[in-house]
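Chemist: Pasting in a structure now, in structure tokens, and then I'll have a few things to ask.
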Amino acid sequence: MSEWIAIGALALVAVGIPLGMMAASAILRPSVPEQGKSATYESGEIPTGSARVQFNIQYYMVALLFVVFDIETVLIFPWTVIYRSALSQGASLATVLLPMLVFIGVLVVGLVWAWRNGAVEWVKSPLAKRRKTERQDA
Amino acid sequence: MAGALALQSGPLPDWTAVSPALILALTGLLLFVIDSIDSDSDNTVLLAGLSTVGSLFAFGVAGWFLVEGTGQAATGGAISLYGDALVVDGMSLFFTLIFTIVAAMVCIASLDYVAEQRHQAEFFSLVLFAATGMTLMSMSNSLATAFISLELASLPSYALVAYLKDNRGSVEAALKYFLIGALSSAVFAFGISLVYAATGSLLLSDIASSLGDADGMTGILGMGVLMLLGGFAFKTASVPFHFWAPEAYEGAPAPISAFLSSASKAAGFAIAFRVFVEAFPLGQLPAGVDWVLAFQVLAVVTMTLGNFAAATQENVKRMLAYSSIGHAGYALIGLAALTAGGPNANVLGASMAHLLVYGFMNTGAFLFIALVEYWGVGTTFEDYNGLGARAPMACVAMSVFMFSLAGLPPFGGFFSKYVLFYSAIEAGFWWLAAVGAVNSALSLFYYSRVVKAMWIEDAAPTLELGSKPVGLYTAVIFAAVGTLLLLPAFQPVIETAQTVATALF
Amino acid sequence: MVPPEYYLVLSAAIFCIGLFGILTRRNALLFLMSVELMLNAANINLVAFSYVWGNVTGQTFALFTMALAAAEVAIGLGIIMVLYRNFGGVDVTDATTMRW
Amino acid sequence: MAGIFDFVPAIVLLPFVSFLVALAVGNRMPKGGAFAGIVATAGSFLLSLATFFTVSQGQTYNQTIYTWAQGLDGAVTLEFGLLIDPLSALMLVIVTLIALLVHIFSLGYMNDEGETGLPRYYAGLGLFTASMLGFVVADNLLMAFMFFELVGLCSYLLIGFWFREPGPPSAAKKAFLVTRFGDYFFLVGVVAVFATFGTAAFAGSESFPHLAEQALAGETSVNTFGFAAETWFTIVGLLVLGGVVGKSAQFPLHTWLPDAMEGPTPVSALIHAATMVAAGVYLVARMYGFYALSPTALAIIALIGGFTALFAATMGVVKREIKQVLAYSTISQYGYMMLGLGGGGYVAATFHLMTHAFFKALLFLGAGSVIIAMHHNENMWDMGGLKEKMPVTYYTFLSGSLALAGIFPFAGFWSKDEVLYETLIHGLGGSPILLVAYAMGLLAVFFTGFYTFRMVFLTFHGKPRSQTARDPHGVRWNVKGPLAVLGVLAATTGVVNMVPVEKLLGIKGIDFLHQWLDMSLDGLTAHHYAELTPYSSAYIGGEATTVAIGAAVSLGLAIAGAGLAYVLYNVPEPTEHTDKLGGIKTLLYNNYYQDEYQVWLANSVVRPISRGADKFDQGVVDGVVNGVSSVSLFSGSRVRRIQTGVVSNYAALLTLGLTVLLLGFGLLGGWFQ
């Protein structure tokens, strides 16, 4: 009973505040509906067509790369936790730093490879495209 | 650790014991670098040659270590590294030999197979990374490294199966392999978490020592053990985690099928051997966690299902896929015939030796399929009619593989199967050997169909073979010679296997 | 504090939800999400029992599991992409050219 | 000392070299590599003779020459070695002699007939001979098994030699699969021997027969897997016997042998006389010291033998093709050998193995000669009257037939009589099962006499019944030479073991074969075996009387059978008495002196029995064999339906499997309490 009350109260407050704010603004603001306001927000552009469009494949490629490289940084986390205490306990800088450098190095090789193979180019250059089609035709 | 490497030139530092894995990984990275520098290059000979040399170098180093006794009792016992997360001993080196030689054969054979494809560097580097993962699997001494190395071996494999990305079969195979693989790895991870919950450690030796304290958690531990078994069963293509295997082997590029069905399967056994023998030793288990019984059930079901399904296939590659499942059942005897105080090292060693022989004969058989695919001949038994007259050398090699897989006497497969069954009987499990023998009898039926089609049937008049690809031929003949040489060389092999297995108990 | 059995029940429930998703969904992406759910069930156990046993092994391993899950998703999305290209959809039951 | 024994490996290797030569350069050699084979087998024959004479000086040889795998503690040691004793030396001479003659004969049968693919043929013959010789000299069960398998493989290649025709490939496959079926029992038996004794050596103080003997005497203990020692030895013996039954074409695994007649005739001679089929019986003789310890195993061997002898003989009666008759006669004769072994007549069985090798090789080669003459028509009803056209073949064939039928004084008489005699006296000595087996064997003598002479009369006597028989194709020296050699041997080899003469006339020392087989290593002698067997002897009247009665009865039956054939078939225009019901009247009309009894015998007893046996063979035995394979294939086709191709189903089945495992082990291990 005891220690969970605080958490329950916190949850209650966390839900209550936004609800209260929305309620307050709904009461205070004037309501003037018009077409421009109900349109989908597209950074000022006028929305055309449906939202179900096929994205360029490069979009997914970058997304994939992001997921992978982003998650790899999680592995740096435990290292940072022990880094300082390991140094202070007398481990040499090489023992502590080198493994992480190797790890980053491997990631860099992967990134360079992906870059060179065009995975991070937002739009493929016409030159590369032409080369590719030539090779396929050959 | 006191176990320094005893070499003629004085002891090397301990960390060099993992050098077979390092060599494989560095070669893979090197291929990436080459591809980064010249991403449009299609210099297949350079890429295939480099990866073959890398694999063979790793093979050589592992063989040298094994001969010199690195990590074995003679030189101070197993070498533990990275807080006991990895261990290099005779068994890991023995399995490294299997992975590296299979990888070398596959790389050579792929020289012709991928010559027309794009993204060749990726192909070879993925093979090498998968081999690295397998090598690490055999060295894993903790469930954490076991899981990571298992994934390191699996992830490149998924991509390799999908390598022919415009081929529906290849894509479908990859999809099934991946989905079942993802499910299995989730089960495996959950199993690890349960074992951790019951014992509070991931290191195999610590798990073993805290088994006695796991009172009240027996159920949790038991479920965890069975789920671990599921993860290994996926890797070794054992029932009921085998469903991916027929499709993945059939749809994948044939060299990759060879790689998966030989090396990847052996890797699954390598890690299963170590985890079950080290972490859950017989005699210290709480009552109710009887993994030996589970393996007995799986062994019998797996070999029966594999052989029966193989007997009725029309497609040779799919027949080999099912036969590969059947062979997983034979190798499972290595874990199924263990008893507290029994001749366990003999059983386990026999299973390891069988996996080595199997590495040669099965890789060879799949590479022969690659050769046939290269020629554009069909996939069914009928399509193989009369191949013997057109390509006698390759067909002789294929006949050797088939007879050896069936376990006919003058070939390597006979001895390994014989010793395996013998050791099972020796351990008191005569019925396992009996089921194995009956299944072997059945297997002769479908293996001999291939031989019959190649040599006895007449070729279709339209049968035309193209050129004789050098790489594929080299690999196939090499595998055949290996299969034959393992007959006279079987004594050192079985001796080594049983010696290194002794160190586990 | 919460008894450890509760974590086990929670994680088992999440694991089973994931399994249920795998068995009922035909969309490859949902299949993938269900697998993620199962992996996270394992993570709950690992973190919880890391606390129970008083060592950080479980927590560290949970980080590794997450990283591997991400890598798996990356490969999986790639395969689903080529699946879409070859079979015109992401329904896992469409790809049945090989069977028996 | 470089004695003759150092050359024993060469006996095996020479035919192997001829195999390699024929394979590699056979195309470029005259006669397709035949001469290489002839030279090699002649060399082996000479070396075998030299070995034989050395052994006759009282020397034996038992040596390991190569170790495959030196096991760790308690693990298995796999070795290759040579065991030369009187038994194997005798067998070496027989095998090499027959192989040599078959090679020469093949010049006439294959080369002169313009066959293609001769290098393949001679390569097969070479490898076949080499494997058989390797089997003969093997000093342990594992090595024997390996060569046993090689022999099977070669027979597959040779029977299927004419693989472009429909029959031979399927016959080859059948031979291979049926014998393999037996071999799997054999393999399990080999493993069991290793598991029990830790060794598979045939001879010496560490051999498994010796260890088994000691174990039964309580002097040593072996791992018998919880069974009583004798029970376990019987089980092991019967497992090995599985291989023997398959290879020696004993009931119920005999079905491959008649089909195997699809192969070239010289190959049939080699298979049936000296190699593959002999391998099974030889194996039993080789490890007789082991079988002798188990009365049950011996009784089963005797029963199988006696039954096979009778069963196959009755079936031989209705066959139309000359080689089919010979095939069934082979099965029947090997039945006698098994009967002899099971009945405690080790020497008798070996004796019959030897004489049979000669007269059956002779008969097959004679049949081959006839087939050449008949332009490869094998139907006896198209022959007749060949006696005048081909006298050499006729007289040699007649010699072989007399031996086969067991007519005094040809070789077969002596050996068959001794087999029956040994069975009889041991049966009288308190083993009623042996008397049953003896009765079957005795009855088979009659049928043997009948079908043998039916074959002779139909082939050579009477008037030619077809155009080819009126104008047969001639044969050359390379056919007649081997026939002449074997004809002489078939007539005379009986002298090496004239036990009845010794017993009746009291002349000591003419049972040469008994003395010969007694010169072996310790524990492998005929006397030792006689001591081991559980039988005692009893006589009707006295020893000499029993000998006389036994010989008289079997000779009488053989002559009766031959006589029946004579009256039925030695006529200018024989009719198919056994196949045609309406033939009875004609029969009576033409042969009025024939009494009712003979007709009844020929038509009411012989025919139904033969038909019944034939039906049983095709219906039940083939049915079981086919049934097992179709059940396997059917369940295989069911099993593979699990693989539906839909990955969701796989996931579901996988989950189901895991759940079953979890629940099963949970309930078993009490996790849920």
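Each residue, glycine too, has its Cβ placed from N, Cα and C.
Keep in mind that TrEMBL annotations are predicted by a computer and have not been checked by a curator.
According to TrEMBL, the protein has these features:
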DOMAIN    D:74-122  domain 'NADH-Ubiquinone oxidoreductase (complex I) chain 5 N-terminal'
DOMAIN    D:138-423  domain 'NADH:quinone oxidoreductase/Mrp antiporter transmembrane'
TRANSMEM  D:7-26  transmembrane segment
TRANSMEM  D:32-53  transmembrane segment
TRANSMEM  D:90-109  transmembrane segment
TRANSMEM  D:121-138  transmembrane segment
TRANSMEM  D:144-163  transmembrane segment
TRANSMEM  D:184-205  transmembrane segment
TRANSMEM  D:297-318  transmembrane segment
TRANSMEM  D:353-373  transmembrane segment
TRANSMEM  D:394-415  transmembrane segment
TRANSMEM  D:435-460  transmembrane segment
TRANSMEM  D:481-499  transmembrane segment
TRANSMEM  D:547-569  transmembrane segment
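Are these features on the surface or tucked inside, and what are their neighbours?
Modeler: Under 8 Å from some Cβ of the transmembrane segment (D:7-26) lie the Cβ atoms of residues 32-33, 36-37, 39-41, 43-44, 47-48, 50-51, 61, 65, 82, 84, 92, 96, 99, 118-120, 122-127, 129-130, 133-134, 137, all in the same chain and six or more residues away from its ends.
Nonlocal intrachain contacts for the transmembrane segment (D:121-138), taken as residues 6+ away from its ends with a CB within less than 8 angstroms of a stretch CB, comprise 8, 11-23, 26, 32-34, 36-37, 40-41, 44, 81-84, 88, 91-92, 95-96, 99, 102-103, 106, 110, 115, 144, 147-148, 150-151, 153-155, 157-158, 161, 202, 264, 266-267, 270, 274-276, 279, 282.
Under 8 Å from some Cβ of the transmembrane segment (D:184-205) lie the Cβ atoms of residues 62, 74, 76-77, 79, 81, 83, 85, 138-142, 144-145, 148, 211-212, 222-225, 232, 235-244, 246, 286-287, 521, 523-524, all in the same chain and six or more residues away from its ends.
Sequence-distant contacts of the transmembrane segment (D:297-318), counting only residues of its own chain at least 6 positions beyond either end whose CB sits under 8 Å from a CB of the stretch, comprise 233-234, 237-238, 241, 245, 250-251, 254, 284, 291, 324-325, 328-329, 331-344, 423, 431, 433-434, 436-441, 443-444, 447-448, 450-451, 454, 533-534, 578-579, 606-607, 609-611, 613-614, 617.
Long-range neighbours of the transmembrane segment (D:481-499) within the same chain, counting only residues 6 or more positions beyond its ends whose Cβ lies under 8 Å from a Cβ of the stretch, are 101-102, 104-105, 347, 351, 354-355, 358-359, 361-362, 365-366, 369, 392-393, 395-397, 399-400, 402-403, 409-415, 418, 421, 510-514, 516, 547.
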Chemist: Mind checking which residues of the chain, 6+ beyond the ends of the transmembrane segment (D:435-460), have their Cβ under 8 Å from one of its Cβ atoms?
Modeler: 302-303, 305-307, 309-310, 313-314, 316-317, 319, 322, 325-326, 328-329, 332, 335-336, 339, 342-343, 370, 380-381, 383-387, 394, 397-398, 401, 404-407, 416, 419-420, 423-424, 427-428, 553-554, 557-566, 568-570, 574, 606
Chemist: Most CB pairs under 8 Å with the transmembrane segment (D:394-415): which of D:90-109, D:144-163, D:353-373?
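Modeler: Looking only at D:90-109, D:144-163, D:353-373, the most contacts with the transmembrane segment (D:394-415) come from D:353-373.
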Chemist: Using DSSP, break the domain 'NADH-Ubiquinone oxidoreductase (complex I) chain 5 N-terminal' (D:74-122) down into helix, strand and coil residues and give each count.
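Modeler: Per-class counts: 31 helix, 7 strand, 11 coil.
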